[in-house]
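> Sharing the features that Swiss-Prot gives for it:
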type    : residues                                    : note
BINDING : Gly79, 82-83, Ser87, 89-92, 107-115, Ser119 : 5-phospho-alpha-D-ribose 1-diphosphate binding site
BINDING : Gly79, Asn110                               : anthranilate 1 binding site
BINDING : Ser91, Glu224                               : Mg(2+) 1 binding site
BINDING : Arg165                                      : anthranilate 2 binding site
BINDING : Asp223, Glu224                              : Mg(2+) 2 binding site
Amino acid sequence: MQAIFNKLFNAQTLTQQESQQLFAAIIQGELSEPQLAAVLISMKLRGEQPQEIAGAAQALLANALPFPRPDYTFCDIVGTGGDGANSINISTASAFVASACQIKIAKHGNRSVSSQSGSSDLLAAFGIALDISAECARSALDEIGICFLFAPHYHLGFCHAMPVRQQLKTRTIFNILGPLINPARPPLALIGVYSPELVEPIARTLLVLGYQRAAVVHSGGMDEVALHAPTKVAEINDGEIIHYQLNAEDFGLQRHPMSALKGGSPVDNHEMLSLLLQGRGKKAHADAVAANVALLMKIHGQEDLRHNTQQALETIHSGRAYERVIALATRS
């Protein structure tokens, strides 16, 4: 381990295997707090590289509680959080809408990072249990078409890093690992990142991790597809990364200001998302969710973004997405 420390302290990049070895030791509690702090800051100052991020993700996945992975195609739609936008929870709403569009979703989520209501906070408000077994989650995925995997339930080793992360009070590699360590290991994903500088390295990381097809996005300060600014996209397809930009017009939608997506208290966010999923929400909310679902559908093989957007909007207005919420809550 000292050889790995020395490489980091000399601003050298770790191999994927070295990073995997290092993070396996971290989540097993083998590093002291000063050692862990030094490691995280050394990587942050140099800039974490794709093979290091991939190695860390592989260590966390190897040590996660197992999930019975299905043999059919399924997706994740998730963001890093931490964008500071305090928006409504678009990725969680999009997961329900995508599911109602017949796309299987195994969504990995956690408590809030920067908004007042993360995906798990919102699910709890809907009466959806967070601590169900992997077998029950798989059953929900099979029968309803959607399940949620609560990160702390699967990644118990995170607790060893938490005291240092709280003391450092700065972003580290742990802030970008969440979307990469879904224990269901989905072959397809739409991943939002909190900074445009992360789009390329996370896309390269997804290639290393073996995703079949995925898109990494950032838009005007938000970790998702947004309609107030161009969305920067790096799409993984057939082992290649394709870069492009999307605007509201590409989805057949009008632009909305970022302020139109502003969230509130957990109670407010729950009410706004409830109305949205029942087809009675604000137009800006419905359009934002439809755009994200449309891109996820493209990743799923449905290439026409405008057609996808209209299908998503019709699903939202029908209230079918809310039926998925009720079905999951009933199982809880």
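Positions of Cβ are set from backbone N, Cα and C atoms, glycine also.
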> Nearest of the binding-site residues to Asp223 (Mg(2+) 2 binding site) by CA-CA distance, picking from Ser87, His108, Arg165?
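Ranked by Cα distance from Asp223 (Mg(2+) 2 binding site), first place goes to Ser87.
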> Distance check, please: Cα of Glu224 (Mg(2+) 1 binding site) against Cα of His108 (5-phospho-alpha-D-ribose 1-diphosphate binding site), rounded to an integer number of angstrom.
15
> Between Ser87, Ser91, Asn110, which of the binding-site residues has its C-beta surrounded by the fewest other C-beta atoms within 10 Å?
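Sparsest of the binding-site residues Ser87, Ser91, Asn110 by Cβ contacts within 10 Å: Asn110.
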> Who sits close to the residue listed as 'anthranilate 2 binding site': which same-chain residues at least 6 apart have their Cβ under 8 Å from its Cβ?
Leu40, Thr172, Phe174
> Give the distance between the Cα atoms of Gly79 (5-phospho-alpha-D-ribose 1-diphosphate binding site) and Asn110 (anthranilate 1 binding site), rounded to the nearest whole Å.
10
> Tell me whether Ser87 (5-phospho-alpha-D-ribose 1-diphosphate binding site) sits in a helix, a strand or coil according to DSSP.
strand
> If you skip the near sequence neighbours and keep only those at least six away, which residues in the chain come within under 8 angstroms of His108 (5-phospho-alpha-D-ribose 1-diphosphate binding site), Cβ to Cβ?
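Those within reach of His108 (5-phospho-alpha-D-ribose 1-diphosphate binding site), by Cβ under 8 Å and sequence separation of 6 or more, are Asp76, Val78, Phe148, Leu149, Ala151, Gly178, Pro179, Ile181, Asn182, Pro183, Ala184.
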